[in-house]
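Everything on this sheet refers to the single structure shown next.
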Amino acid sequence: LVRIMRPDDANIAGNVHGGTILKMIEEAGAIISTRHCNSQAGEPCVAALARVERTDFLSPMCIGEVANVSAEITYTSRHSVEVQVNVMSENILTGAKKMTNKATLWYVPLSLKNVNKVLEVPPIQYARKEQEDEGKKRYEEQKLDRLETKQRNGDVILPVINPEPHTVGYSQSSLIHLVGPSDCTLLGFVHGGVTMKLMDEVAGIVAARHCKTNIVTASVDAINFHEKIKKGCVITVSGRMTFTSNKSMEIEVFVDADPFVDEPRERYRAVSAFFTYVSLSKEGKPLPVPQLLTETEDEKRRFEEGKGRYLQTKAKRQAQMQQAAQQ
Amino acid sequence: LVRIMRPDDANIAGNVHGGTILKMIEEAGAIISTRHCNSQAGEPCVAALARVERTDFLSPMCIGEVANVSAEITYTSRHSVEVQVNVMSENILTGAKKMTNKATLWYVPLSLKNVNKVLEVPPIQYARKEQEDEGKKRYEEQKLDRLETKQRNGDVILPVINPEPHTVGYSQSSLIHLVGPSDCTLLGFVHGGVTMKLMDEVAGIVAARHCKTNIVTASVDAINFHEKIKKGCVITVSGRMTFTSNKSMEIEVFVDADPFVDEPRERYRAVSAFFTYVSLSKEGKPLPVPQLLTETEDEKRRFEEGKGRYLQTKAKRQAQMQQAAQQ
Amino acid sequence: LVRIMRPDDANIAGNVHGGTILKMIEEAGAIISTRHCNSQAGEPCVAALARVERTDFLSPMCIGEVANVSAEITYTSRHSVEVQVNVMSENILTGAKKMTNKATLWYVPLSLKNVNKVLEVPPIQYARKEQEDEGKKRYEEQKLDRLETKQRNGDVILPVINPEPHTVGYSQSSLIHLVGPSDCTLLGFVHGGVTMKLMDEVAGIVAARHCKTNIVTASVDAINFHEKIKKGCVITVSGRMTFTSNKSMEIEVFVDADPFVDEPRERYRAVSAFFTYVSLSKEGKPLPVPQLLTETEDEKRRFEEGKGRYLQTKAKRQAQMQQAAQQ
């Protein structure tokens, strides 16, 4: 998958939106896993995104650069496929290439005839036995995490009148989007990548409202897609800031689906996730971020939880760097 | 201007969004008036939309039909151009053509070098003197109306927690949109047509939330574009229902612009307008609309004002039909 | 068909992509030929693109200019329609107009009820007998050419590890695209124009990778659409350089369709074509192009074939210029 980055893919500073990259990653993953799941005779199916593991944006991509997206199936369980997707940015004028993303996605094959039926996945061959064991470990871990997040999804974002600058209420934002045909797979459900692009759009607006500078996506925490969203739904994507460190902001984003035409069903929470942004100067250097002012008990609790995630990620990264240095 | 209507231009029932049509109308108007204003030697300029007169959607357009949009300059004042735009839908399989819209737009030429400088418009030739007089009358009327609406723009839409069905709070909606390069003219300001498309999107969601059926745009009241919106702004488009008759709904839509990056300016009201929708059955017949439940004094006042506009439009249409019958 | 060129229609130097223009040309052709084929009572049908004759890009188009596309039916055989499409670029600020393209397209009417049934085309009236004769000659020629290309379609593009600059492997590129609803006609098959736009995108990336400068489409050789591509397919568009002259590059582009869901069918070659690009300096002057380094026997053979096409085109153009000078 190769695509030139266009003006509409980027913000006014010329940095490609993280959401555009997430959407390309998901398209590559959906194609390779749908192809794999249909590789044996049997019921035709479409692979639906179930989960994206934490993804870091290693370096910014710019208008005019070419994004090279490659995907590989790294593990199969009975009902799911793990796909590893790498994104390289290539400046075709200088020839310079940079790794911008490594993402891991999980897909589940749904029958084309009956969307609620999960089919079996043809097994892949592993070069070494330990690859299979490591894949199985990753599979078990993500399964556990998906179960956990399924339970903590009741929260809503309440509006605030006349908020003070740098409070949570000041930057919180939400958008609505009517799900059109181009947003959907053959089964008539929204592509996971479309949802992630909208989530990044809202998170980016929250971040920019908070710090009033050029901002870019630094990372996205694991996202679980518990519920499908159908064509014709209205989706409400809401974001609020949960934590700020000296140079980063964490934003929680919710996606609620409202199947309002011809459906007896109530509005429901389809997805939620944490996005991390950094603020950049005109020269592309990280800027200090104004501290988030927390007011309510809930806001203070979420700030502490965000701090926990921040410190954990930081520790993990330092451990990896030490490990790399020792090798 | 000719274009095939695609799935993305329409709702799930296959009816093309009113906003898509408004956007095409405005593109045609912008081309013809920019061309006219540059037809004499002098400073190069871009025509910016100042106002759209009340527009009726006479019959629905469907996916696969071809929209034929034609534009003509009908009046010029010293600093503005009146453009008449007609839209026909053509079923290229049967050859059937129907008039779907007649719109009148006013443009103002802004200098390409200095966006705050309004240039002079080259005068057009009239076939008959009375055409000029009628145009002048229309010009004076719209000028008066623009001044009036400039004053009543302070209102905001306050959020409601747990609203009852069919109240104003139940269906009110808002979306945010980051203004990208493709939304903008050569001067770096949002095309009026892009704004109208977003307004129709929000109004349509409000209408569908209220009556939970397939809805289509029936008409749009005069829209005045008092303030330009710059590339990189976040715009918030909010809609609330103001009035229901037996078979129609009136929705008020506001557009607020937030020049949040690198700009000292506060959020401001850029546009507001009233959209009227009807609800259609699967066979395309108008359905009764649930009555709007008004709660606050302001809601009751707006309902009465909406009723006034509704009765006035109805009376005007009956007068026109009688006149037509007598001819 | 009239449209303002936007930032996303162009490369970073502001030149509109050849693919955008090809897409507009095809939309105009599809509308006029579908309209014509349904002009007599009978089975409703949709005109499908069968072939585009060689198309030259006479002068570049820029962002902000208006593309004026006009189409005319110039010949009808029993089962096909020849359409002549002209594209003018208009600078609406200066009023300057330039002819940018003259294209000839062939369409075939397919029944709306049975997509494999080719219907009869209502004959057109010719002003002079010799117009019909000339049309018939063009019809016979293209028919022969279509038969020939149908046979030479087996080739594939193999990836190369660590290629040297200016070799074929160095610049070859491919993209994949999942066919969505907006890419398709009423029959659920990809618009020829959408395919051509993707082909131009890949060819442009190959050209830019080779010479690392701003490049523009100079011409496209005749393209034959042998096989339809259905909604839900994944298409792989691959390009490799075949020939360089002092100031131009020829790129061969393949389109392979993979009906990977719900279809027993194997991946197949849907279209292939040759694109020619030139490299431009910042002032828009043609730059010398680095010579293509051929390594394998096949590459050397394709280079010679490309040289043949290049010399033939050059000779034809010189003959035309001499003819024009003598008149």
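Cβ atoms are placed via backbone N, Cα and C, with glycine included.
Of all ranges given (C:136-167, C:296-327), TrEMBL attaches the label region 'Disordered' to C:296-327. On the backbone, the CA of C:Asp200 (active site) and the CA of C:Asn11 (active site) stand 12 Å apart. For C:Asn11 (active site), the same-chain residues 6+ apart in sequence whose C-beta sits under 8 angstroms from its C-beta are C:His17, C:Gly204, C:Asn214, C:Ile215, C:Val216. Secondary structure at C:Asp200 (active site), as computed by DSSP, is helix. Across the domain 'HotDog ACOT-type' (C:1-113), DSSP classifies residues as 23 helix, 54 strand, 36 coil.
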